[in-house]
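First the structure, in the form of structure tokens, and then the observations on it.
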Amino acid sequence: MKEYYPSLTGIRFIAASMVFFHHYNPISNRNSWPLLYDFFSEMHIGVTLFFFLSGFLIGDRYFEQKVNWKSFFINRFARIYPSFFILTTLTFIYIYYKTNVFNIKLYFLNITFIKGFFDSLKFTGIAQSWSLTVEEFFYLLTPFLFMIIKKNKNFIYFLPIIFILLGIVIYFENIIFMLDFTFFGRCFEFFSGIYLALFLKNNKKLLTVKMTYIGSVFTFLGIFWLVYLKPGVGFYGNDLLLGKIINTFFFPLFAFTPLFIGLIKEKTFINKFLSTQMIQILGKSSYAFYLIHLGFFSDFFRKYFDYWTVFV
């Protein structure tokens, strides 16, 4: 029986909102509120939160189950691909309308998620959909990862290292791209989510004390750490190696892990808020929101409406 965690559905909305604020900073003038402006600019960590959540949910729902992997892939495809395909097609039609050019090869690379494997193509089409390449690659590997981990649970510690080293070999001439935009560089975020799911299954009577708040505080501390590291205007904290370590390792281990434990095990104000009906609706709509918050839909809304209308 698959458990449903309402607060984690709410977390989807939080993650999507963070990515939105990263792209559309609510502080219009950095000179007025530089610290707050830089704080919102580092909310790209919403993607890290999405990856961690995906790892956790897949581990929680499927690791101990006898899974029909054919049905698994069909369900993943049905949930993600139709809206992505429609919006990507509309995006290329819009580009054709604006430029009178329809690049069929680029369109194919977009609708097959292949674009996310190439630095020069990652932001084409729906710019933010580069993360779907990472996500879909994880889903594709899931049966094999689970098979390996079931043979020996200790492999879960070594698989991220193997993937990162493999990524360095494959993308040796562009390691920055590998670390930021590929499964090889972001795999730890998924594996740490899986690890937490398995840990909680093996420790069902785990007693916790204010883990929700501890995770929340460490999330804020991590963001401010990235702000502190930020090398200058137009850059982000994770442009530096230490920032990448914070983004990929610190947040999953020290922020999101205690946060998720708290959201699952504790009854707090945060848990209640994330479980409200309105936040549940927004959480379930977060994928569509994520896809349309950049691109021709947002261009239209920004042209005719104000900032908050785009968000709403």
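Glycine is treated like the rest: Cβ placed from N, Cα and C.
Please treat TrEMBL annotations as automatic predictions, because they have not gone through curation.
Listed in TrEMBL:
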DOMAIN    6-308  domain 'Acyltransferase 3'
TRANSMEM  36-59  transmembrane segment
TRANSMEM  80-97  transmembrane segment
TRANSMEM  130-149  transmembrane segment
TRANSMEM  156-177  transmembrane segment
TRANSMEM  183-200  transmembrane segment
TRANSMEM  212-229  transmembrane segment
TRANSMEM  241-264  transmembrane segment
TRANSMEM  285-305  transmembrane segment
Does the transmembrane segment (183-200) come close to the transmembrane segment (130-149), meaning at least 3 CB pairs under 8 Å for residues 6 or more apart?
yes
Stretch with greatest number of CB pairs under 8 Å, the transmembrane segment (36-59) reference, 156-177, 183-200, 212-229, 241-264 candidates:
183-200
Positions whose Cβ lies under 8 angstroms from the transmembrane segment (212-229), at least six residues beyond its ends:
35, 38-39, 42-43, 45, 236-238, 240, 242-243, 246-247, 250-251, 254-263, 266, 268, 270-271
Can you tell me the mean pLDDT for the domain 'Acyltransferase 3' (6-308)?
94
